[in-house]
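The block underneath contains the structure these notes are about, expressed in structure tokens.
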Amino acid sequence: MSVKSSNHNVARTLGWPVANKLAVFIGVLIAAIVPFVISGSYWLGTLTLALIIIVLNQSWNLVLGYSGVWNFGQLAIYAIGGYAAGLVSLHTSLPWPVAMLIGGISAMAVSLVLAFPTLRLRGIYVSLLTFGFAEVIRLLIISDQSGITGGTFGLSGFKGFGLADVESQLRQKYFYWIALVVALVSSAVFYRVIHSHVGNGLIALRESPALAAARGLNPVKYQIIAFGLSGLFAGFAGSLYAFNYGVVGPSIMGLGPMTLFVTMLVVGGMGTQTGPILGTLLVAVASTSLEKWPEVRLIVFSLLLLLIVLLVPRGFVPILGDLKKRVSDWVAE
């Protein structure tokens, strides 16, 4: 038997779906044991933040990538989730999962309110509306004189995950595992949504709204679902950020973070399931490496975003998908 024939038989025995499930299992297993492999808290903290951003970018990808709605208000929704969870943690004795849930629901409620005016707008007008919304939220937080949001300095002093008495390295591991669990739940939920009739409807409305409407698809229904679910998980991401760092401020919705997160989505590939994961991890590692030069970092990622849009507009995940298809065709021969 030839080597090529043997490869074909092995691939056919495993099957690509089985191989995909095996890859996911191995990936989750590796992610779970990372805290035992990485001794320093610096890179573990970087990966924890990357997991939080993965949740945010997956939520943003549902609206931006699958719905085709250029919503630049997502970071404001993210911040609202963090502030809501922080305020609950600061002023009540509720456990942190409940505070996170309230943060997610608060963000979802605001996201749903934002969804309705975007239904009447298209293209650049949606971008202007949502960007203006985010800027209004940021200015309201900065100009707050009541002390509720902490103004420019942000909200702090809340108990968060309640691990203040735990040794610092062990505490960082707990933070990582909590973020990993939320990221896995987020991935599973968005996978089911994207591969359901809701995902098909969002893609149909993105590609051809007129044709989708002619087929009986209700754009209001699908956009409300997309904005609601997107807001919920953006709120969870904001809650994770607040509880991980013990502070949440207006800086998390600035131009710098927005440029960074959009770069992550574009690098991975918008409108793909694994694009936000791959793009976030790649850019997070690169960003951490350039952390000593913040001005240079912003310039580098702005140029990277421009180059990706010009040279690889679909991102890297679709390219990997094309490569996988070629291998599958080779296996099927």
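Here the Cβ of each residue, glycine as well, is placed from N, Cα and C on the backbone.
Copied over from TrEMBL:
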| type | residues | note |
| --- | --- | --- |
| TRANSMEM | 23-56 | transmembrane segment |
| TRANSMEM | 68-90 | transmembrane segment |
| TRANSMEM | 96-116 | transmembrane segment |
| TRANSMEM | 123-142 | transmembrane segment |
| TRANSMEM | 174-194 | transmembrane segment |
| TRANSMEM | 224-248 | transmembrane segment |
| TRANSMEM | 260-286 | transmembrane segment |
| TRANSMEM | 298-320 | transmembrane segment |
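By the Cβ criterion (under 8 Å, sequence separation of 6 or more), the transmembrane segment (96-116) is not in contact with the transmembrane segment (174-194), since fewer than 3 such pairs are found. Taking Cβ pairs closer than 8 Å, the transmembrane segment (23-56) reaches residues 74, 78, 168-169, 172-173, 175-177, 179-180, 182-184, 186-187, 233-234, 236-238, 240-241, 244, 261, 264, 276-277, 280-281, 284-285, 288 in its own chain, all 6 or more past its ends.
For the transmembrane segment (260-286), the partner stretch with the highest count of Cβ pairs under 8 angstroms, out of 68-90, 123-142, 224-248, 298-320, is 298-320. Against the transmembrane segment (174-194), the recorded stretches 68-90, 123-142, 224-248, 298-320 differ in Cβ pairs under 8 Å, and the greatest number is found for 224-248. Same-chain residues lying 6 or more positions outside the transmembrane segment (68-90) and placing a CB less than 8 Å from one of its CB atoms are 56, 59-60, 96, 98-100, 102-104, 106-107, 110-111, 114, 118, 123, 126-127, 130-131, 133-134, 137-138, 141, 148-149, 155-160, 205-207, 223, 226-227, 230-231, 234-239, 241-243, 248, 250, 252-253, 257-258, 261.
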